[in-house]
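Student: Residues or ranges marked as domain 'Myb-like' by TrEMBL: A:21-73, A:74-124. The annotation domain 'HTH myb-type' is assigned in TrEMBL to A:21-73, A:74-128. Among the features that TrEMBL reports, region 'Disordered' is placed at A:1-22.
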DNA sequence: AACTTCTCCAACCGCAGGGTT
DNA sequence: TAACCCTGCGGTTGGAGAAGT
C-alpha cells in the first residue's frame, strides 16, 4: 500500500517544486527508507528536517522524517511493555500536567510522547470509559489516586523486595498514608493541571519519584483521607493478592466509586 | 475456515510558536 | 513588522493483527 501523493513526474524537465510536493510518499516506511534516513543522520546529524529529507533522497516531508526518527529509529527508543514504574510515572505526571505528552515523555527515558499518548488513550481512557467517568473528573482522579497508583506502587515494591535491593528504603514510608500535604496523593488532588507556583522540574525528576514509590508500604496506603477503602468483600483483595495483572479491576473500582461518589 | 469486531500503534494533520529575512 | 519557513506538539485516523463468533 505504498501511497504516493498525487501524480508522479514524468521524465524530461527537472521536477518543479510542485511536482516534488506531489511526488511525496506517505504511509508506512520501507526498510530502504529507514536505512537511508539512519544512514544520513549518522553521517550528518539530525535537524533541519526539510533539507535533510531532500538531501537524503527521501521522498518524504521533513515532518515525516522527524517523526520516523524520533518515534522509531532513534537508537535509544525503548520498545515493549510499559513497566509499572513507567505507568505510575505517567499517571503521576499526567495528573500534574494533563496531556503534555512531550513533557511527560522527557521523564521516561526512551519513551516517546506518541507512545505515552497511545498508552493513555488505549488503556487509561478506555478504562475510564468502562467506569463511565470522564478522565478529567474528580471521580476518575480518585480512582487513579487511591486505587491504581497504590496498586502500582505495591507492584513496584513487591518487585523490589523480590530483587532484595531497594535503595535502602524499606518499610514504613507510607507516602500515601500520611497527611494531605506533601505526600504522594496530594499531587492528584483538586483540578490542578499545571504548575501553579510551579515546582521546579528538577523537583519531580524521575529519581525522586522512584524513591517515593519504593518507600511506599502497601498496608499503610489504604485507609486514609476519610474514604471508604475496605474492599475485603470484593473479590481479589485490595491490598495484596495477585500482583501479576490486577491494575484494572472494574468491579473494585465501581465499588469504590459507589461508596465515595454517590450522586 | 470465514467473517466480524476489537485493540494497538505508526503515521498523518492542523496549529502554534519561534527564528529568519 | 510582516511574511515566510521550520520545528514541535497534541489530536486523530487507518491499517494490521488478535480475538471472538
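Cβ coordinates come from backbone N, Cα and C, glycine included.
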Student: Could you give me three numbers for the domain 'Myb-like' (A:21-73), the DSSP helix, strand and coil residue counts?
Tutor: 35 helix, 2 strand, 16 coil
Student: Report the mean pLDDT of the predicted model across the domain 'Myb-like' (A:21-73), rounded to a whole number.
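Tutor: Mean per-residue confidence for the domain 'Myb-like' (A:21-73): 87 out of 100.
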